[in-house]
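**Student:** After the structure tokens below, expect a handful of questions from me.
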Amino acid sequence: MMEASSCLRYHVCSSGSRMIWLWPFLVLVLQSCSPALSDSALSDSPYLVGMGSYDITGPAADVNMMGYANAEQIASGIHFRLKARAFIVAEPNGKRVVFVNLDACMASQLVTIKVLERLKARYGDLYDENNVAISGIHTHAGPGGYLQYVVYIVTSLGFVRQSFDVIVNGIEQCIVEAHNNLRTGKIYVNKGDLLDAGVNRSPSAYLNNPAEERSKYQYNVDKEMTLIKFVDDELGPVGSFNWFATHGTSMSRTNSLISGDNKGAAARFMEDWAEQNGIPKQGAHATNDGLEFLHRISGLPRRVSSIIPEPNEITDDLVQLASSYEASGGRRLSGSNITKRIRSTQQDKPKFVSAFCQSNCGDVSPNVLGTFCIDTGLPCDFNHSTCNGKNELCYGRGPGYPDEFESTRIIGNRQFLKAVDLFNSASEEIQGRVDYRHTYLDFSQLEVNVPSSTGEQQVVKTCPAAMGFAFAAGTTDGPGAFDFKQGDVKGNPFWRLVRNLLKTPGKEQVDCQAPKPILLDTGEMKEPYDWAPAILPIQIIRIGQLVILCVPGEFTTMAGRRLRDAVKKVLTSDNSGEFNDIHVVLAGLTNTYSQYITTFEEYQIQRYEGASTLYGPHTLSGYIQEFQKLATAMVANKEVPTNFQPPDMLDKQIGLLPGVMFDSTPPGVKFGDVSSDVPASSTFRKGSVVNATFYSACPRNDLLTDGTFALVEKLDGTDNWVPAYDDDDWSLHFIWSRPAKLSPRSFATLEWTIPEDAPSGVYRLRHFGASKPLFGSIKHFTGTSRAFAVR
């Protein structure tokens, strides 16, 4: 700006007779002196917008999955890959914000700390904890071990560095990509109801909220989706992010394939749709062309290489041609770059980024058919979600029951279709300042002002973290074990004795957490290091009339409503009218994780969510109070001081998961050889399943980030095999297994459900992997099945 002002001063201080012709020249002077200033002065768009995404798929073997806390749910393959997706919005020469959406169960405090360190090393003070938000979609089908507190990594045998590193790196890379893509653009916002993608899984607790409050709402879960659409001034639409509340539990606790669950699926479907419809090559508004066909025929769009030719009729000659291609046998590769071929064919096109973000999903289940007893088929007990007193028998049913993959597809598809509708009809342009507020709070001893029974204000405190007996009962999405049940406000002597072996809570803690009977006093358990967080971040991000409340946990439906309403009331009390038309959304599981937040009334019932509200009955009141302070500071344009910093316990982490010792094959067999091949001279119709099994090695040897373990190739001509589908496609599953638990031998099964819109022709399956010898370095390999025809 100093250079710009000097240039300006030089030219304006000329004689008055030259001023008339000088003004047109002034624009050129400003352009040459300060490009950034010229952008803001000349562009009709109020913002710079950048989008980015990157692969964060963790180890597809041996690692416990995060979400259900089921020690037997160990990753063994890939349903489809996980991604980090980011947008950056900046005012030219002004403030900027970053929002990252993770295909992960939740954000991690330690991940956030390390990402911020990397951003500081790369960009200086441009990005920090104040203007960067990292949010998880809450899939329960991603590898665990990336959080730093003991209670969240017990079932993963402690910290898993590989899980942690791939997420940190992926977040950094998607932000770098978004930063490099910053260009002038516009943002639009739209809202609409999606009625059939979530139900309340703890309705008895919801009914304990005041009747007057409940009467203000038509449903006992939030049905509204809020979507923002990003439009590049030159390229057209480049992405969308939306917020909608439903749990990532369409995939059950028995699933072992890495998956983004329903929200990850929805993101895949929308990015595929955008690519197939020519977005972002089109103008500002996309069309529904092809949408009806895609969902009538195949149920979802396909993700396929653009070099695949149009469908052709299968002939006897092609069947004969397919039969001439036998399995290739395993062979060594010089590296893993060959696995990036599908993506490399798309790199000349602008990437459309679509994220389906999580909101106040605490009591919202995607298993919309209801809860039933698996022994009798009858509905579960309403108050406790039990069957003959047992929680283990009560399960929620998704719309594709009993097929969890189909339930995931349906719930993902419903979110996708609503997002497309909102995307195409979005007309309200976002305009106004970019701003943010952030602070850290000690939720183990936060003083909170609440009304007393007489109506006067009284000061209460939150408590050190603790989990109640009903926590161990689980939910209807993933029931617990033993004799625990939801709605338990008493506990039992046996489990109290077991608890006391770990930590006996004192009277003050018991009284503070009441009526929760404490099963695990996690906030006061410090060995070998902290079991639960105490220092938590809260954050408000503003982009014009869109306000995002970033919360480090799972708010229930009514808790989220109260927080949104409280913040909106503060913002709209500003006499300037600047916040009159705001849209307030809640971004759950952001920046760190601290389990659930219920209302005071729901807490009294002690369903799973209340038992998992760590800091006692006044937790929500604490959030509302402190978010109101942030909102007040935003209105007054004042900064918010913080007296706390979260701990960085990376050096204290303990990981007990053994590494890969070595991989082996039977004598005379190479890695990549086929163990069970596609039948010879076979022809398959669309909709049928083709599979082949290969001698393989542990996927932990190389995650093949941004690559693939599985590939479907199509014959183009007589000798040219081109990639068609990979392990990021819905239709292709990569399934890994060992013949015995500690065996160094392993197998990879590629299972392809042929899409209805797959081009007819000759195909084969190809597997990529990496093996670890007893001595020496890791070596990459590949192998193919014999060819087959698809009609």
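Here the Cβ of each residue, glycine as well, is placed from N, Cα and C on the backbone.
Straight from TrEMBL, here's the annotation block:
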{"type": "ACT_SITE", "residues": "Ser365", "note": "active site, nucleophile"}
{"type": "BINDING", "residues": "His138, His247, Glu554, Tyr596", "note": "Zn(2+) binding site"}
{"type": "DOMAIN", "residues": "47-625", "note": "domain 'Neutral/alkaline non-lysosomal ceramidase N-terminal'"}
{"type": "SIGNAL", "residues": "1-38", "note": "signal peptide"}
**Student:** Compile a sequence-ordered list of residues in the same chain as His138 (Zn(2+) binding site), six or more apart from it, whose Cβ lies below 8 A from its Cβ; state 'none' when nothing qualifies.
**Tutor:** Gly67, Cys105, Met106, His247, Gly248, Asp261, Lys263, Gln358, Cys361, Glu554, Gly588, Leu589
**Student:** Do you know offhand how many angstrom separate Tyr596 (Zn(2+) binding site) and Ser365 (active site, nucleophile) by C-alpha?
**Tutor:** 14
**Student:** Other than His138, His247, Glu554, Tyr596, which residues of the same chain sit close to Zn(2+)? List them in sequence order, counting a residue when its Cβ is within 8 Å of the Cβ centroid of the site.
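**Tutor:** Leaving out the recorded residues gives Gln358, Cys361, Gly362, Val364, Gly553, Gly588, Leu589.
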**Student:** Do you know the mean pLDDT across the domain 'Neutral/alkaline non-lysosomal ceramidase N-terminal' (47-625)?
**Tutor:** 92
**Student:** Let's check the environment of Ser365 (active site, nucleophile): how many other CB atoms sit within 10 Å of its CB?
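**Tutor:** I get 24 for this one.
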**Student:** Can you tell which of the binding-site residues (Glu554, Tyr596) has the fewest other C-beta atoms within 10 angstroms of its C-beta?
**Tutor:** Tyr596
**Student:** Suppose we draw a 10 Å sphere around the Cβ of His247 (Zn(2+) binding site). How many other Cβ atoms does it contain, all chains included?
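**Tutor:** Other Cβ atoms within 10 Å of His247 (Zn(2+) binding site): 29.
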